[in-house]
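For ASP72, HIS143, the entry in Swiss-Prot reads active site, proton acceptor. Sequence annotations record features per position, and here Swiss-Prot assigns active site, for ring-opening step to ASP141, GLU148 based on sequence analysis. What Swiss-Prot lists as site 'Part of the allosteric site' is SER151, ARG158, LYS160, THR161, TYR254.
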Amino acid sequence: MRLIPLKSASQVGLWSARYIVDRINGFKPTAERPFVLGLPTGGTPLNTYKRLIELHKAGEVSFQNVVTFNMDEYVGLPEDHPESYHSFMHNNFFSHIDIRPENINILNGNAPDLVAECKRYEDKIKSYGKIHLFMGGVGNDGHIAFNEPASSLSSRTRVKTLTEDTRIANSRFFGGDMEQVPKLALTVGVGTLMDAEEIMILVTGHGKAQALQAAVEGSVNHMWTISTLQLHPKGMMVCDEPSTMELKVKTVRYFQQLEAANIGRL
């Protein structure tokens, strides 16, 4: 597993955006052979989306032949609700780039049959062969997407009950009222993520330090779903300095030396 230790959340956003642009451009996607990109929501990737928009407007990348799959969506929120992940993605990314609407894939949390919707989503991903790069974030408790602690490490896209900790954390988007946060969500599974050709996890802030430590220095453990990244042949974590506070100094120095050339690309 790779660890890219940077100074700030802003640097994490810039580095990850440039990495995505380089992957897309290197792939040379066409309508018949699109680049397939997995995407998250939440506060952490906002810097990345901002930088991607800037790079697109500067003419450095086109998303016309990029197909996206989002990680998750709340159950029961209308798509046009301000806190739905459909709204989040439209407002913070999709409406600012040249992606084709038919290439955007987000789970439908209002589908009449949620189990069938999850199977449809898995089948749609498989129809493209694989996701080439899945970008994600991580929760304070180590969850990826809505794969909460004790999730099966081979899980597929499914309905999940959100923990109280996750609902409290997300209540900041709902006026601080946890009761307004849905109790259920649809989410890609850990196994779904692991099927991607490459996974890039963004980690910023002191609150994520314990999760980063578990992912990098701990054992693979279903109580820390992020630790599954150790088993991926192309797993990478891009982190800022505050999030490394629980790592051993020698661990951080090791990756600083190992990735010096890549860090220097900023």
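One-based numbering along the chain as shown.
Cβ atoms are placed via backbone N, Cα and C, with glycine included.
Here the features listed in Swiss-Prot are placed on the structure.
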{"residue": "ASP72", "record": "active site, proton acceptor", "Cβ within 10 Å": "21"}
{"residue": "ASP141", "record": "active site, for ring-opening step", "Cβ within 10 Å": "19"}
{"residue": "HIS143", "record": "active site, proton acceptor", "Cβ within 10 Å": "25"}
{"residue": "GLU148", "record": "active site, for ring-opening step", "Cβ within 10 Å": "21"}
{"residue": "SER151", "record": "site 'Part of the allosteric site'", "Cβ within 10 Å": "22"}
{"residue": "ARG158", "record": "site 'Part of the allosteric site'", "Cβ within 10 Å": "21"}
{"residue": "LYS160", "record": "site 'Part of the allosteric site'", "Cβ within 10 Å": "22"}
{"residue": "THR161", "record": "site 'Part of the allosteric site'", "Cβ within 10 Å": "12"}
{"residue": "TYR254", "record": "site 'Part of the allosteric site'", "Cβ within 10 Å": "14"}
TODO: Write down the Cα-Cα distance for GLU148 (active site, for ring-opening step) and ASP141 (active site, for ring-opening step), rounded and given in Å.
DONE: 8
Open item on the list: Are there recorded positions among ASP72, SER151, ARG158, LYS160, THR161 that sit within 10 Å of HIS143 (active site, proton acceptor), Cα to Cα? If so, list them; otherwise say none.
Closed with: SER151
Task: Shortest C-alpha distance to TYR254 (site 'Part of the allosteric site') - which of the recorded positions GLU148, ARG158, THR161 - done: GLU148
Task: Residue pair THR161 (site 'Part of the allosteric site'), GLU148 (active site, for ring-opening step) - Cα distance, angstrom, rounded - done: 9
